[in-house]
Amino acid sequence: MTNLPSHHTAIVGSEDGSLKVAEQVPLPRLENDMILVRNTAVALNPIDGKMVGNLASVGAVAGMDYVGTVVGIGPKVKTASEIQLGDRVCGAVQGMHSLTPSVGAFAQFVGATDIVTLKVPPSMTVEDAATLGSGVGTIGLALFRSLDVPGYPEAPATERIPVLVYGGSTATGTLAIQLLKLSGLIPITTCSPHNFDLVKSFGAEAVFDYRRPETPDEIRKFTRNSLKYVLDCISEPETMQFCYKCIGRTGGKYTALEPFPQFLHTRPTIQPDWVLGPTLLGKPIGWGPPFERVGDPDVREFAIKWFATAQRLLDQGKLQTHPVKLMEGGFEGILCGLEMLKKKQVSGQKLVYMIPQVA
């Protein structure tokens, strides 16, 4: 690790709880399990725009998903695929975090944790690779630990049963559909009609318009009132209510990607849960309630196994990335893109921004 600057440009939390572009931000210090990456591009996630106000940490770097080139490797790094200086890698980091304020994706350099870092296949573009990190981790955690669906991409289920993905046209939704298909299950989903062809192209076997009031009845009919597994990729109060209506008579499991109001848990035969991607690191999470966590070594062990599987799926060309909308504007453009996500102006695409390089 030579000829690197001591400071770089990044998007950080400001005193008023908003995000701002800052220069002269210290580079992440290379930890034992860290890979230092010269950032090439980032993808935006809805959570990136929510890490403001009380969740913002002054001076902490924001952003989760990145892709770039390895410029430093910690002495105890272990990854699913051997990584060397100069390799292209992608993944997700825990941005806007008071315990690790120098780590975030919206920056010229990223300090990535080894076990959740993926080596980018030679045939994959940087724009596509930028979209993978948080989705791969979060959806793996949701499907194969929280829901614990029968089947796994490398050990498909012997019985093809339906699994509902609410919000199938999101980046997490299209990834979930593919992984369910690879696991020998029947992915069914909801989205807007203009995205029906999109989700079918990723493997959805049945698609329903979430806006129609009769859709829960149609899903119960399609699943013969026996649906047991639901992943809610939108995770809002009304979507939880919708999903509960779809689950079969004997109950099942519901997993969201954000916290849900407990009063909406209206069916005792349903086991509700929500997942938080950064728990995969097995380290303490210093965000405020309800996101704070102590490090869980069991989740870390799951992450090691899961990212090894994900790396093999990538290398074999079995994972298709979400459609990308390549945006302009660098760091200032990222701030505009976060506003677009907040206003729900993005559908069926992932916003990706190239990162300005160090002069």
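Cβ atoms here come from the backbone N, Cα and C positions, even for glycine.
What you see is a predicted model, and the numbers here were worked out from it, not measured in a lab.
Features of the protein shown, as given by Swiss-Prot:
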type: BINDING; residues: 47-50, 169-172, 192-195, Tyr210, 257-258, 346-347; note: NADP(+) binding site
type: BINDING; residues: Ser134, Gly135, Val136, Gly137, Thr138, Ile139, Gly140, Leu141, Gly277, Pro278, Thr279, Leu280, Leu281; note: substrate binding site
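The closest partner of Ser134 (substrate binding site) among the binding-site residues, by CA position, is Ile47; the full candidate set was Ile47, Lys50, Tyr210.
Cα of Gly277 (substrate binding site) to Cα of Tyr210 (NADP(+) binding site): a distance of 26 Å. Cα of Val346 (NADP(+) binding site) to Cα of Val136 (substrate binding site): a span of 20 Å. Comparing C-alpha positions, Ile47 (NADP(+) binding site) sits nearest to Thr138 among the binding-site residues Val136, Thr138, Gly140, Thr279, Leu281. With respect to their backbone Cα atoms, Pro193 (NADP(+) binding site) and Thr138 (substrate binding site) stand 26 Å from each other.
Reported as a whole number, the C-alpha separation between Val136 (substrate binding site) and Lys50 (NADP(+) binding site) equals 20 Å.
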